[in-house]
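See structure below.
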Amino acid sequence: MAFRVPNSSLLSLILLSLLAIASAKVFFEERFEDGWDKRWVTSEWKKDENLAGEWNYTSGKWNGDPNDKGIQTSEDYRFYAISAEFPEFSNKDKTLVFQFSVKHEQKLDCGGGYIKLLSGDVDQKKFGGDTPYSIMFGPDICGYSTKKVHAILNYNNTNNLIKKDVPCETDQLTHVYTFIIRPDATYSILIDNLEKQTGSLYSDWDLLPAKKIKDPEAKKPEDWEDQEYIPDPEDKKPEGYDDIPKEITDPDAKKPEDWDDEEDGEWTAPTIPNPEYKGEWKPKKIKNPNFKGKWKAPLIDNPEFKDDPELYVYPNLKYVGIELWQVKSGTLFDNILITDEPEYAKQLAEETWGKQKDAEKAAFEELEKKLQEEESKEDPVDSDAEDDDNEAEDGEESDSESKPDSTEESAETEAEKHDEL
């Protein structure tokens with residue numbers, strides 16, 4: 001009996017991966033199992049205004065494992081703020097991996113699904129939208145224009161948005177978002193364990209002034225040829241070109257039989273555009289033999305640039321917090337992880353989302369099918385239309401009575417929050 005020997009390089013990779021996972025330092029890991037509520041503090045932010053939303057502990061309306069629960073927003077037009085503390089640490093000389101899963105069950109049209117990492121001392125009971133944070137990461141959806149992953153880094157007390165566009169998932173299933181920051185100031189953003197963006201903290205955020213700038217003293221040389229095409233000096237205008245009329249008498253026009261010259265005046269044939277007329281003559285263009293390209297000022301060292309070898313460092317990370325405003329509730333968070341090992345994060349994602357995603361999708365599709373079947377069993381079209389009219393009238397009254405005054409400003413509030421990000 002023959003045995004196949006594993007490829008040595010593949011075996012080495014597997015061993016390295018196992019060693020990395022075994023040596024991983026986990027700073028925070030929350031799977032929302034028993035006792036989770038003792039680790040998390042719900043903020044009193046917005047409670048005085050009756051705008052603080054309640055969190056539900058649930059696996060959601062559809063899931064891949066009913067025993068795997070997370071926390072879910074439960075009330076529309078509400079603010080949400082909750083946080084957990086962990087032993088303070090610095091990511092100096094370490095890779096920082098921030099990961100969590102999120103599901104929007106509510107067909108989200110405007111709202112966030114991001115989480116924040118906070119530093120220093122925070123009054124968790126007062127944690128809210130004005131609380132300073134170090135990192136904000138996760139999906140954000142609002143209308144047709146905003147469907148992206150936020151990756152905001154605080155540097156010198158300024159929040160800096162990533163300059164690259166990273167599209168987020170927009171369906172109603174669970175997805176895993178991972179943000180990796182390395183000691184060499186590079187980063188990666190993953191969705192469902194697949195890399196969606198990578199680059200440098202130097203180039204993809206405006207954390208520092210540019211290393212190079214255009215020389216303000218440089219001027220384009222007078223003899224610089226930046227026209228790629230020029231008129232052909234050998235091209236000559238054809239003889240008689242300017243004599244060609246723009247319009248000519250319509251050769252097909254005929255004087256009407258009932259035309260009376262004495263009463264109607266002398267008949268004149270109408271004119272039509274002359275097909276021979278080509279407009280103002282211009283010589284044809286040829287490639288400029290002296291073309292040097294578009295002139296650009298040379299780059300020089302920026303005197304205002306000062307490198308920061310610890311650009312990637314957050315020296316006193318201590319809290320993870322979820323702070324949201326949601327017009328429609330139903331966003332569910334789970335499996336929040338902060339570690340120094342990407343392989344451990346990948347393994348956690350596969351153990352949770354990876355094992356459940358197919359069952360969750362099947363459960364969602366089954367529920368959608370049942371809803372469609374129920375809709376098809378409704379009353380005939382005419383009755384439906386009549387009912388819809390009645391419901392619309394009732395709805396207008398009930399909406400005006402049931403919504404708090406603050407909801408009238410909800411669209412403006414949401415727009416303001418997105419403008420601030």
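A Cβ is built for glycine as well, from the same backbone N, Cα and C atoms used for every other residue.
Here Swiss-Prot flags Y114, K116, Y133, D140, E323 as alpha-D-glucoside binding site, drawing on similarity to another entry. What Swiss-Prot lists as compositional bias 'Acidic residues' is 223-232, 381-399. What Swiss-Prot records for 233-257, 350-380 is compositional bias 'Basic and acidic residues'. Taken from Swiss-Prot, the feature region '4 X approximate repeats' applies to 196-261. Per Swiss-Prot, the feature region 'Disordered' maps to 217-283, 350-421. Residues or ranges marked as region '3 X approximate repeats' in Swiss-Prot: 265-303. What Swiss-Prot lists as repeat '1-1' is 196-207. Annotated repeat '1-2' per Swiss-Prot: 215-226, in sequence order. The feature repeat '1-4' is assigned by Swiss-Prot to 250-261. As annotated by Swiss-Prot, repeat '2-2' applies to 279-289. Summarising the annotation, Swiss-Prot assigns signal peptide to 1-22.
In sequence order, G112, I115, M136, F137, G138, H150, I152, G321, I322, L324 are the same-chain residues whose CB sits within 8 A of the CB centroid of Y114, K116, Y133, D140, E323, the residues recorded for alpha-D-glucoside being left out. Outside the compositional bias 'Acidic residues' (223-232) by six or more residues, the chain places 282-288, 290-295 with a CB less than 8 A from a CB of the stretch. In this view, Y133 (alpha-D-glucoside binding site) is surrounded by 19 other Cβ atoms within 10 Å of its Cβ, with every protein chain counted. For E323 (alpha-D-glucoside binding site), the count of additional Cβ atoms within 10 Å of its Cβ stands at 23 [all protein chains shown]. When pLDDT values are averaged over the region '3 X approximate repeats' (265-303), the model yields 92. For the compositional bias 'Acidic residues' (223-232), DSSP puts the residue distribution at 0 helix, 3 strand, 7 coil. Close to Y114 (alpha-D-glucoside binding site) in the fold, though at least 6 residues off in sequence, lie M136, F137, G138, P139, D140, H150, L324, each with a CB less than 8 Å from its CB.
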